[in-house]
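J.: Structure incoming, see below.
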C-alpha cells in the first residue's frame, strides 16, 4: 500500500468543491496505475488537515506528497513560472509530486494545462517509469516541454471520453519495469 496526500500551501484551489475535484482527479489517476499493476500495489489517500496549507517537508505519515509549488520551494528543481516545465516528481522514498502553481491549470483540459494528463504522467514517474517515445503514450516526453497533447493531435483520449488513459505502451513498459508477465 502506498499512501498519498494533497496539499495546497499557496491556496490555488480555493473552494472545497475545486479541492474535491482535484482529489477526484488524483484518485482517478492513481486508480488507472493501480489497475495496470493488477492489484499488486494499492494507493490510498491520507489527508492531513494539519499540513494542508503548509510548505516544506513531506508529512511523515505519507509516501507521496502532492502540492502546488512556486519558484524555489525546497527541491533541487525550482518551478519556472508559467510555461515550460509544469511539474516534477521523485519516486519514494523521496515521494514528491509538485505542480507549478503559476501555470493556468484546467480540470477538464479545455483551457490551460490539463491537470488530469499531468497527474497521470507524473504518477508514472513516481512509479519509476521513464519517458516513452510513442506519441500515443501518456509517458511521452513531449509533456515535459509543456506540449500537452489534446484529443485533436493524439490518440491518448478515446472517442467517447476526453479523459486521458494509459496506452498499451504505457502498460507494457510498466509490466516490464515490475517484471509482470502480462505483456511480455
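A Cβ is built for glycine as well, from the same backbone N, Cα and C atoms used for every other residue.
If you look up TrEMBL, you'll see 4-159 marked as domain 'Peptidase metallopeptidase'. Marked as Zn(2+) 1 binding site by TrEMBL: 73, 88, 98. As annotated by TrEMBL, Ca(2+) 3 binding site applies to 80, 81, 100, 103. The Ca(2+) 1 binding site annotation in TrEMBL covers 103. Annotation comment: TrEMBL describes 121, 125, 131, 139 as Zn(2+) 2 binding site. What TrEMBL records for 122 is active site.
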J.: Report the nearest neighbour of residue 121 (Zn(2+) 2 binding site) in space among the binding-site residues 73, 80, 88, 98, comparing Cα positions.
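T.: It is 88, whose Cα lies nearest.
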J.: Please list, in sequence order, every residue of the chain apart from 80, 81, 100, 103 whose Cβ lies within 8 Å of the Cβ centroid of the Ca(2+) 3 site.
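T.: For the Ca(2+) 3 site the neighbour list reads 79, 82, 83, 84, 85, 86, 101, 102.
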J.: Would you identify the secondary structure of residue 98 (Zn(2+) 1 binding site) according to DSSP, in three states?
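T.: In three-state terms, residue 98 (Zn(2+) 1 binding site) counts as strand.
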J.: Can you give me the average pLDDT across the domain 'Peptidase metallopeptidase' (4-159), rounded to a whole number?
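T.: Looking only at the domain 'Peptidase metallopeptidase' (4-159), pLDDT averages out to 82.
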J.: List the recorded positions among 80, 81, 122, 125, 131, 139 whose C-alpha is within 10 Å of the C-alpha of residue 98 (Zn(2+) 1 binding site), in sequence order, or say none.
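T.: Matched recorded positions: 122, sequence order.
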J.: By CA distance, which of the recorded positions (122, 125, 131, 139) lies nearest to residue 80 (Ca(2+) 3 binding site)?
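T.: Sorting the recorded positions by distance from residue 80 (Ca(2+) 3 binding site), the top entry is 122.
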J.: Can you count the other CB atoms that lie within 10 A of the CB of residue 73 (Zn(2+) 1 binding site)?
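T.: I count 19 other Cβ atoms within 10 Å of it.
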J.: Any idea what the Cα distance is from residue 88 (Zn(2+) 1 binding site) over to residue 122 (active site), rounded to a whole Å?
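T.: Cα-Cα distance, residue 88 (Zn(2+) 1 binding site) to residue 122 (active site): 7 Å.
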J.: Compare the Cα of residue 125 (Zn(2+) 2 binding site) against each of the binding-site residues 73, 81, 100, 103 and report the nearest.
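T.: Nearest by Cα distance to residue 125 (Zn(2+) 2 binding site): 100.
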J.: Indicate the candidate from 80, 100, 103, 122 with the smallest number of other Cβ atoms within 10 Å of its Cβ, considering only these recorded positions.
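T.: Relative to the other recorded positions in 80, 100, 103, 122, 80 has the fewest Cβ atoms within 10 Å.
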